[in-house]
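J.: Found this in Swiss-Prot, in case it helps:
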- 16: active site (ACT_SITE)
- 141: active site (ACT_SITE)
- 99, 100, 101, 102, 103, 104, 105, 106, 107, 108, 109: ATP binding site (BINDING)
């Protein structure tokens with residue numbers, strides 16, 4: 001008797017933090033060349049995929065004001081469907097927990113989970129390299145989530161090397177203001193000539209003197225970024241908070257001795273509308289075991 005195909009699959013999509021973000025150049029086509037360390041964290045969305053008999057991609061509970069053309073999980077499903085030239089259907093239900101426009105990579109992670117999940121659900125047998133190449137068409141951060149491990153990332157996001165990081169806790173604050181990435185990278189005052197560093201250079205001092213080249217521009221465009229940085233600095237003196245990605249979320253590495261009750265009280269005292277969470281670093285994407293490297 002032949003094995004019945006799997007009918008549904010649920011994946012957790014982790015957010016990420018940029019422990020630093022340097023812009024080291026710009027290509028003739030306008031794309032910026034970056035260096036960063038991407039840290040996976042346990043702030044997750046949930047992607048549920050279900051086979052349907054119709055030959056279509058169906059999204060239930062869509063995000064308000066996000067069209068199917070902009071919806072990364074829909075685009076990811078259609079992309080892999082077209083690439084493999086298959087007549088199969090899927091219903092996608094996305095439960096959002098990671099704030100949108102926060103610099104935490106939630107949309108890219110959801111797209112990666114959709115590609116990984118459909119590769120399993122539809123028995124496509126695509127390897128990690130193929131999935132990553134498809135993911136890059138959706139966004140520069142998608143290949144990292146398909147790679148599935150903490151990484152030193154270069155180029156436009158496609159050069160990814162595994163990096164070993166200690167398990168740490170972080171305080172992450174989102175001041176509830178999305179910053180369009182394009183507004184950061186098109187700004188004439190953005191630093192574009194940061195001297196490149198090496199993995200060893202980062203590991204020699206992973207917690208101190210790490211900066212985000214997008215932060216100064218983001219603070220000018222979005223005053224809430226500076227407000228959030230100041231709030232964390234006052235709440236946790238000496239924590240050296242910085243922005244993640246192109247903003248507007250900021251984060252600080254927590255001292256293991258920080259009292260949990262103090263942290264809970266801090267989160268209760270956040271300015272109205274802000275979102276805060278204490279998160280734990282992850283070593284791997286929860287979907288890592290579904291990804292074939294062959």
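Cβ atoms here come from the backbone N, Cα and C positions, even for glycine.
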J.: State the Cα to Cα distance, in Å, between residue 107 (ATP binding site) and residue 16 (active site), rounded to an integer.
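T.: Distance between the two Cα atoms comes out at 11 Å.
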J.: For residue 16 (active site), which residues in the same chain are close in space, meaning a Cβ under 8 Å from its Cβ, but six or more apart along the sequence?
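T.: Residues satisfying the criterion: 38, 39, 40, 41, 104, 105, 109, 141, 144, 145, 244.
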J.: So how many other Cβ atoms are close to residue 109 (ATP binding site), meaning within 10 Å of its Cβ?
T.: 30
J.: Can you list the residues of the same chain, besides 99, 100, 101, 102, 103, 104, 105, 106, 107, 108, 109, whose Cβ falls within 8 Å of the ATP site's Cβ centroid?
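T.: What remains near the Cβ centre is 15, 98, 245.
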J.: Rank the binding-site residues 101, 103, 107 by the number of other Cβ atoms within 10 Å of each Cβ, and give the residue at the low end.
T.: 101
J.: Taking every protein chain shown into account, which of the recorded positions 99, 105, 141 has the largest tally of Cβ atoms within 10 Å of its Cβ?
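T.: The residue with the most neighbouring Cβ atoms within 10 Å is 105.
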